[in-house]
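The active site, proton donor annotation in Swiss-Prot covers Glu259, and the record cites sequence analysis as its basis. According to Swiss-Prot, the feature Zn(2+) 1 binding site maps to His65, Cys97, Cys100. Taken from Swiss-Prot, the feature Zn(2+) 2 binding site applies to His257, Cys287, Cys290. Swiss-Prot lists Lys270, Lys333 with the feature ubiquitin cross-link. Sequence annotations record features per position, and here Swiss-Prot assigns domain 'CMP/dCMP-type deaminase 1' to 29-138 based on sequence analysis. The phosphothreonine annotation in Swiss-Prot covers Thr32, Thr218 and rests on similarity to another entry. The annotation region 'Interaction with DNA' is assigned in Swiss-Prot to 312-319. Look at Swiss-Prot and you will find Asn244 tagged as site 'Interaction with DNA'.
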Amino acid sequence: MKPHFRNTVEPMDPRTFVSNFNNRPILSGLNTVWLCCEVKTKDPSGPPLDAKIFQGKVYSKAKYHPEMRFLRWFHKWRQLHHDQEYKVTWYVSWSPCTRCANSVATFLAKDPKVTLTIFVARLYYFWKPDYQQALRILCQKRGGPHATMKIMNYNEFQDCWNKFVDGRGKPFKPRNNLPKHYTLLQATLGELLRHLMDPGTFTSNFNNKPWVSGQHETYLCYKVERLHNDTWVPLNQHRGFLRNQAPNIHGFPKGRHAELCFLDLIPFWKLDGQQYRVTCFTSWSPCFSCAQEMAKFISNNEHVSLCIFAARIYDDQGRYQEGLRALHRDGAKIAMMNYSEFEYCWDTFVDRQGRPFQPWDGLDEHSQALSGRLRAILQNQEN
């Protein structure tokens with residue numbers, strides 16, 4: 001039997017949406033969780049079969065949370081539509097709590113014909129280890145069915161507004177900080193789920209051939225260490241990668257460089273007054289403006305040391321040399337990536353699936369030449 005679409009959604013009030021789907025990372029007083037869901041067949045051209053809105057209170061019993069309400073509703077719905085594979089999409093104001101995440105993971109394991117994509121406006125108790133583990137199990141890619149979880153960007157907020165809000169023809173108006181908050185939450189989710197980079201993305205963007213062209217993206221991998229008894233101890237909860245935000249993508253009209261996205265993220269970690277070492281591995285060295293902002297950061301945070309390893313030197317025919325010298329003068333360690341740094345990034349940040357790092361032709365020669373060029377740039381500050 002071919003199911004038919006049933007429009008059972010009572011649209012959400014615009015003020016309710018704007019208030020509850022605020023993507024400010026840290027919010028208090030919003031105790032209601034909203035879940036907007038859409039069910040389709042896996043045929044991408046097919047129309048929605050059903051749509052619902054669920055709500056619940058974060059501090060109520062788990063059975064009253066919207067995720068559990070969805071599971072009960074979908075169990076009944078599935079009995080009438082058991083002969084096909086379905087794609088379920090959620091837009092939620094808070095990501096699932098531990099118990100709900102575990103229940104959803106169990107549901108997906110029992111019904112492999114259902115795929116679930118979860119777009120979240122905010123992360124709920126993301127700093128708690130049990131919560132982190134529950135989300136990793138829910139989104140685990142290997143070993144069985146899993147959910148795909150993403151942070152809502154401008155497009156998802158707009159889609160949710162168009163599908164579930166009584167906007168009366170008015171377009172979605174994003175908050176001013178939506179892009180910045182998106183970047184923070186996306187990086188945090190990447191840390192939490194331990195996202196890894198596609199091998200092709202790494203080899204394409206971190207190739208240190210001097211004649212590379214057409215690479216307009218900057219990737220930045222990072223790790224954080226804390227000094228304890230004269231030993232640098234890795235803080236694996238603050239390890240990941242991000243890239244620049246291109247213009248007009250995710251609500252950034254002018255775009256935002258990867259280094260600035262990274263600087264936005266650091267205060268979110270709430271590092272205390274102990275000594276920390278932050279190491280960045282970048283596909284391009286910082287431009288003048290980013291170098292200035294990074295220099296300002298280390299000047300204002302003397303307990304944090306910064307090391308930057310770049311695959312290539314970004315030469316915009318502008319003041320990039322001046323920026324690198326200022327960054328170096330203010331205490332940052334700047335060097336070109338060599339074989340050991342490329343291998344470390346491959347082993348740490350790439351979904352290599354057991355494959356060892358394979359250097360490209362000329363890697364060592366290019367690294368030596370770039371190191372000499374960088375050395376000349378930095379030494380010029382003393383001339």
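Yeah, the Cβs are placed from backbone N, Cα and C, and that goes for glycine too.
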Count, for each of the binding-site residues Cys97, Cys290, the other C-beta atoms lying within 10 angstroms of its own C-beta, and report the residue with the smallest count.
Cys97
Under 8 Å by Cβ from the residue listed as 'active site, proton donor', same chain, sequence gap 6 or more:
Thr218, Leu220, Cys280, Thr282, Pro286, Cys290, Ala291, Glu293, Met294
Lys333 (ubiquitin cross-link) to Lys270 (ubiquitin cross-link): how many Å between their Cα atoms?
23
So if I exclude everything within five residues of the ends of the region 'Interaction with DNA' (312-319), which remaining residues of that chain have a CB under 8 angstroms from its CBs? That is, six or more out.
208, 210, 212, 218, 283-288, 336, 370, 373-374, 377
Pop the Cα-Cα gap between Asn244 (site 'Interaction with DNA') and Cys287 (Zn(2+) 2 binding site) into the table, whole Å please.
12
So which of the binding-site residues is most packed in, judged by how many other Cβ atoms lie within 10 Å of its Cβ, out of Cys100, Cys287?
Cys100
I need the least crowded one of these recorded positions (Thr32, Thr218, Asn244), counting other C-beta atoms within 10 angstroms of each C-beta.
Thr32
If you measure Lys270 (ubiquitin cross-link) to His257 (Zn(2+) 2 binding site) at Cα, how many Å is it?
22
Within 10 Å of each Cβ, count the other Cβ atoms, then let me know which of the recorded positions His65, His257, Lys270, Lys333 comes out lowest.
Lys270
Extra residues within 8 Å (Cβ to Cβ centroid of His65, Cys97, Cys100), Zn(2+) 1:
Val33, Gly56, Val58, Ala62, Pro66, Glu67, Met68, Pro96, Thr98, Arg99, Ala101, Ser103
Around the recorded Zn(2+) 2 site, report the further residues of that chain (criterion: Cβ within 8 Å of the mean position of the Cβ atoms of His257, Cys287, Cys290; site residues excluded), sequence-ordered.
Thr218, Ala258, Glu259, Leu260, Pro286, Phe288, Ser289, Ala291, Glu293, Tyr314
Average pLDDT across the domain 'CMP/dCMP-type deaminase 1' (29-138)?
88
